[in-house]
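S.K.: I have a structure I would like to understand better, so I am pasting it below and will then ask my questions one at a time.
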């Protein structure tokens, strides 16, 4: 008291003298040190010299300075007695300099100093001589240095010290002797050091210590009496160490309120582990390889508010919490719990939050005794049934998460007594129906992943709903999402952004609950709900998930029906003429006939879609989910892919066959084998079947859209599959183009007209050109989707899917019917019973097979091809009527005349 009065008196006298001196004529007030900033604080001065590039102490510091900040400079040393005249200095900051040593007397004369900051320097030991006799010092920061040694006399005379920072240094042991003199110390941190062991009575004289941080060390063992003497300790942090055993030494800490020892190697929590800590409020010990927890470990902790046991993978039995009646938040995730005791709520009447996610719980007890529950998290368990009594009378429950279970049965009145429930997550279960009773207050509803839940959910039961996730987009139609899209078109970008942000925030809510207070979560939740005034439903309806009509526009509808009718009629004519009875079918006509059959299958798949559109006209949303997930859609998708791929492959074989045939004919070589063509056809069919089956074998389905075809955008697996098909088909078209280009270039100029004009060669060229042109939009859209180019609207994609892809199914036979003269001959033969190919084998040109004759026939002119004397081998097909057709002879010909085939 005498010292304080003397200092105050001296301050008053000196201040008066300063005022008098400053009032003299010609005298000015003493200025602030040159690089610093000063601020008057009553009779005293606050001097800020931080981050000024100083290499030493500034001169002319006022003796009335109470606060001096010299941090973030380049000061390397402090001279002795440099600050001895600053008797009123209470806070000195020297952080962030290059001090390696502080000599004795550096702080001499600082009898009023209360706060000394020396962090972020280069000190290798505590400057014990410089710190002695700072009797008023209350806070000392020595963190973030290189201190590896604390002399025993370091803190002698620091009788008023309350806070000590020694973290982020290189200490390897507790400075036991140095701490003996700090009986008034209240908070100390020794974190981020290299301490291995805490000996007995390490803090024996720190009876006033309230907070002790020892986290991020290398502590692997504790003395059984290492915490003896810490009678006032309330917070103990042992996180991020190498402890192998539960710290049994905490039993002496009767006033302990907060305990953390997570992220260690503790494998067991013994029985009655906290028997000596009746004041414990919060404990964290997640991220330990805990294999065993004593049932009585958490008994009789009447003040415990929070219990977190994350990652205790070997816990198989729910802990006995008798006497722990104040528990408000219980987290026990990633364990092996199979059941919950029926008395869990009797033991925990004040429970507000319970998180038992990532366990193996199969049966739930009644939570009706937990009247204060606000949040229940049971996701990723094995719950099968929700009974009537499971959540009865939980009037305060606001969030219920039951996602990723096996729930197949929910009692119709399970949620009838939950008036405060605003968030319900039942995604990824096995639901076939959803009870709506009592859910009128919901704002968030998640039912995605329940593929068997196909019924529409009435919107009138959810007047406050703002965000919802459904198994199918059609279920969003009931909430006017489709109508809003129709009337408003594309929503405003700002509205979309706010909705997306809200949705993303909603997705992350449950993940934030471990780190945020639940009350704050609810406040933020309610504020976000007020921002959005319309229902945000996903997956959203659109052209590929229509609400009313499968095809949408009448133009598309008429176009599809026209394609279907033409494909049936025209392909039937081609098939009838090619495969007419008792006629010989050469390889090229066999390929054309098979393409017609495949085109009929493509028309059939489009016809199925057209029929579904007609049957569900104006009300497709009611049947959309049923159609997508049904067998009919799978078969339709299989036929579409199979027909599309087989058609391309057979066309490729036809192009190659024409090239080889013409080459053999013009060079008088042996003609290509019919057997090789048949083998190629079989290979095409097998490859198409493999491609069409691959989506089903890979776990995917054709039911990603109601059109039962892999989409050009959206689902990644479908898009990858579609791009792979486009690449394969593009390769086929490239091969065909190269083959025909090579054929054109290889023919001599004189022979070009005679050979190139042949009907079948021209027909395959026409098919190649037409199919290639029609496939360009499909390829372009596929690569656009792969590159995330969104300038093409979904309506255009839909038109391509429904019209362009099946269009070859009707164009291919039309081209044959309209432009190939063989069709006229074949249809005439079909009428009159004549067989053109049979007749050609009985003409005067019996030395040439009908297939070779067809190759050389021309559609409009009579061709005369003169061959040089050569040897030609002919293989005629066998017939049952005459063995004379089975022959292989060599003929010497000088010239062969061909009659026109018209």
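Using the three backbone atoms N, Cα and C, a Cβ is placed for every residue, glycine included.
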S.K.: Identify whether residue 709 and residue 827 belong to the same side of the membrane as annotated by Swiss-Prot.
M.R.: no
S.K.: Around residue 60 (N-linked glycosylation site), how many other CB atoms lie within 10 A of its CB?
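M.R.: Taking every protein chain into account, the count is 10.
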S.K.: Could you tell me which of these glycosylation sites, 74, 205, 797, has the fewest other Cβ atoms within 10 Å of its Cβ?
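M.R.: Least crowded of the glycosylation sites 74, 205, 797, by Cβ count within 10 Å, is 74.
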S.K.: As a test of reading the model: what is the averaged pLDDT for the repeat 'LRR 12' (301-324)?
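M.R.: Average per-residue pLDDT within the repeat 'LRR 12' (301-324): 87.
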S.K.: May I ask which residues of the same chain, at least 6 positions away in sequence, place their Cβ under 8 angstroms from the Cβ of residue 633 (disulfide bond)?
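M.R.: 627, 702, 703, 706, 708 - these are the non-local Cβ neighbours of residue 633 (disulfide bond), listed in sequence order.
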S.K.: So what's near the repeat 'LRR 2' (62-85) in sequence-distant terms, Cβ-Cβ under 8 Å and 6+ beyond its ends?
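M.R.: Hits for the repeat 'LRR 2' (62-85): 11, 14-15, 18, 30, 32, 38, 41, 43-56, 91-110, 112, 117, 130.
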S.K.: According to DSSP, folded down to helix, strand and coil, what is residue 797 (N-linked glycosylation site)?
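M.R.: Helix, per DSSP.
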S.K.: Counting other Cβ atoms within 10 Å of each residue's Cβ, which of the disulfide-bonded residues 36, 476 comes out lowest?
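M.R.: Result for the disulfide-bonded residues 36, 476: minimum number of other Cβ atoms within 10 Å at 36.
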S.K.: Using residue 36 (disulfide bond) as the reference point, find which of the recorded positions 205, 345, 537 has the shortest Cα-to-Cα distance to it.
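M.R.: Its closest listed neighbour, by Cα, is 205.
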S.K.: Return the member of 49, 60, 205, 345 nearest to residue 476 (disulfide bond) in space, with distance defined Cα to Cα and candidates limited to these recorded positions.
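M.R.: Result for residue 476 (disulfide bond): the nearest of the recorded positions is 345.
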S.K.: Between the disulfide-bonded residues 32, 49, 345, 370, 708, where is the Cβ count within 10 Å the lowest?
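M.R.: Per-residue Cβ counts within 10 Å for the disulfide-bonded residues 32, 49, 345, 370, 708 bottom out at 32.
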